[in-house]
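**Student:** One structure, pasted below without further comment.
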Amino acid sequence: MSARLLRPLTRRLPPTSPACLRLVRPGTYNVSHFNPVVHSNTASLQIRSIARPYSSKLSPGEGMGHNTPQNQKQEQQSNQNQDNRKSDGPSSSSSSKNSKKSKLLLIAAAVFSGYLFHSIILRPNDLSLGDVPVLLGIVSPPSLNPTSFVPYTIVEREQVSSTAFIITVEPFDPLHRLMGGSEKKKKNARKNANKLRNELQEAWHHGLWCVEIKQPQLQVARDYTPLPPPVGQEREEMQRGRLRFLIRKMEGGEVSSYLSKLQVGDKVELRGPHLGFDVARRLGSSSLESSNSSGHGGGKEQGGRVVFLAGGTGIAPALQVARRLYGPVYEKRNGKKEEEEWKEIEDMPAIPPKMTIVWANRFREDCPDCEDLEALRKRGYLPPSLNNAKNTAAGGLMPYLQDIKAHHPEQFNYACTVDTEKKFIDAKTILDAVVSTTPNPKSPSSTTSLTKSTTNPSCPFHSSSALINVSDRQDHEARCKCASPANGKNLLMVSGPDGFIARFAGPKAWSEGLERQGHVAGVAGELMKKGKVNKEEWMVLKL
Ligand SMILES: Cc1cc2nc3c(=O)[nH]c(=O)nc-3n(C[C@H](O)[C@H](O)[C@H](O)COP(=O)(O)OP(=O)(O)OC[C@H]3O[C@@H](n4cnc5c(N)ncnc54)[C@H](O)[C@@H]3O)c2cc1C
């Protein structure tokens, strides 16, 4: 509020200038010329007492610093005024104090209404009343947290198909809005950068996570899953605290319809991060699992294979898992592979577990260029990190998948199905995907699964029967109950609309106000019953 309105005042009257010091001299002043906004409300402001009467307490050289005849005259005049006021008695003094107070109040009210008019009427999506403490420097801008909503600004928006769009948001800083591209803005951005990076780094390291986005008119919020940053932009995006979401507009949907109407520059409110299922701990790979939080030291051997069935926007958690297993997709910068740096930061395994994603879409436009990478190469296409192109939000998500494939050809696979081309996920698709993750016996990453004898049936990480009652919101607080270090399970993960999950893994169940995993049914349940997918080695996770 006042930062903008007082700027002209401070610019005209720097604190050390004689003009500024004139302000503290006893006397009557017209304040209207300081700011046009207060002009209509004030005629004059009397300043009669100051903390240190300048005539007696300012030492030579302090303040005005000039003992000119003119100053002496003014001083005498001022002393005379003070004497006169003293003789008026206490009632006169208190009434003048009151009038001074009311005038100051008037000014404050005028400034405040000007601000309200500016922020609410003129720029409704810009600044709001809640931003005042930040603008005044009383508090720093709030950062993403799981208990309260904080404002973000949409900085990019891309329509990737007729119903789906990607928005990129970054933390809203009211000071940035007011200061434009000034030095102060840059300084502030740098100050916040490391804090934001640390917060998000933890969530990315966990793997699966989401944030809530609020619909402010209806005061409802829904979960959305941040996509990994575009190829080669991980560092920059993390430092700016940016988040990207793939959102499908649902007809009649309260939050997705609202979000579909927002444009670049608009504000959204986010709350989070909310950590989801701990994939690394279930896979049990020693290099993925953090020993201090697992309840035991973590297994010595590499473990875990992942088959991920993603329906539509369910691709977002699939990419989060891929990022957890393979690290950020990197670019070469100054001759140094950025991936190496991230490996150090994130403790990535040298040889990551095998993963296959099958992405089901209604239309081809949702997954253009979803071809085998070799076929794409023959057509002259190279993923962004190999042809040094920057992959912005534009181009959707295929470049991300292609880049992981290019860097981990043995470990990672992806395939797409398109409803309108009469290609659907079925039992055979799932079995093929399971086979594609079979480790090469010669490979050092050969998988060893957790055997029946070492699995505690009540362990929420390694026992399918215990998983039935698990909710994703509580998962990260649980502890492994297996007696000996777990080598890990393989995961068949299913993510997408409720109908998609129910078809392939059975419906989730609700109890005590929480959505829980429920029994495994659907196509995956059938395959396990028939023994085509070994239920001792594979666990099903519904997202
Ligand atoms: C952990 C998690 C992560 C998620 N991540 C993403 C993501 O990254 N991207 C994404 O797009 N979605 C994601 N979702 C789904 C998202 O949270 C919302 O559920 C989705 O956007 C729909 O919300 P909505 O408010 O628009 O629709 P809602 O208002 O909840 O309505 C949903 C559907 O039900 C219909 N409906 C509503 N009320 C009625 C009624 N009374 N009678 C009949 N039909 C009705 C609506 O028409 C609509 O089609 C995620 C969900 C979870 C749990």
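Here the Cβ of each residue, glycine as well, is placed from N, Cα and C on the backbone.
Because the structure is a prediction, the values reported are computed rather than measured.
The annotation FAD binding site is assigned in TrEMBL to Arg222, Tyr224, Leu246, Val255, Ser256. Residues annotated as compositional bias 'Low complexity' in TrEMBL: 67-82. Residues annotated as domain 'FAD-binding FR-type' in TrEMBL: 147-280. As annotated by TrEMBL, region 'Disordered' applies to 55-99, 437-458.
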**Student:** Hey, of the binding-site residues listed (Leu246, Val255), which one tops the CB count within 10 A?
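**Tutor:** Checking each of Leu246, Val255, the winner is Leu246.
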**Student:** Excluding Arg222, Tyr224, Leu246, Val255, Ser256, which residues of the same chain place their Cβ within 8 Å of the centroid of the Cβ atoms of the recorded FAD site?
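**Tutor:** Apart from Arg222, Tyr224, Leu246, Val255, Ser256, the close residues are Ile213, Asp223, Phe245, Ile247, Arg248, Gly253, Leu259, Thr313.
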**Student:** Run through the Cβ atoms and count how many others sit within 10 Å of the one on Tyr224 (FAD binding site).
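**Tutor:** Step by step: centre on the Cβ of Tyr224 (FAD binding site), count other Cβ atoms within 10 Å, giving 23.
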**Student:** Using Cβ-Cβ distances, find the residues under 8 Å from Arg222 (FAD binding site) that belong to the same chain and are at least 6 apart in sequence, listing them in sequence order.
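**Tutor:** Sequence-distant Cβ neighbours: Glu212, Ile213, Glu254, Val255, Ser256.
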**Student:** Count the Cβ atoms, other than its own, that fall within 10 Å of the Cβ of Ser256 (FAD binding site), considering every protein chain shown.
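**Tutor:** Looking across every protein chain shown, the total is 21.
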**Student:** Return the average pLDDT for the domain 'FAD-binding FR-type' (147-280) as a whole number.
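**Tutor:** Mean pLDDT, the domain 'FAD-binding FR-type' (147-280): 85.
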**Student:** Looking only at Arg222, Tyr224, Leu246, Val255, Ser256, the residues listed as binding FAD, what is the longest Cα to Cα distance in Å?
**Tutor:** 13
**Student:** For Ser256 (FAD binding site), which DSSP three-state class applies?
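**Tutor:** In three-state terms, Ser256 (FAD binding site) counts as helix.
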**Student:** So, by DSSP, how many helix, strand and coil residues make up the domain 'FAD-binding FR-type' (147-280)?
**Tutor:** 46 helix, 47 strand, 41 coil
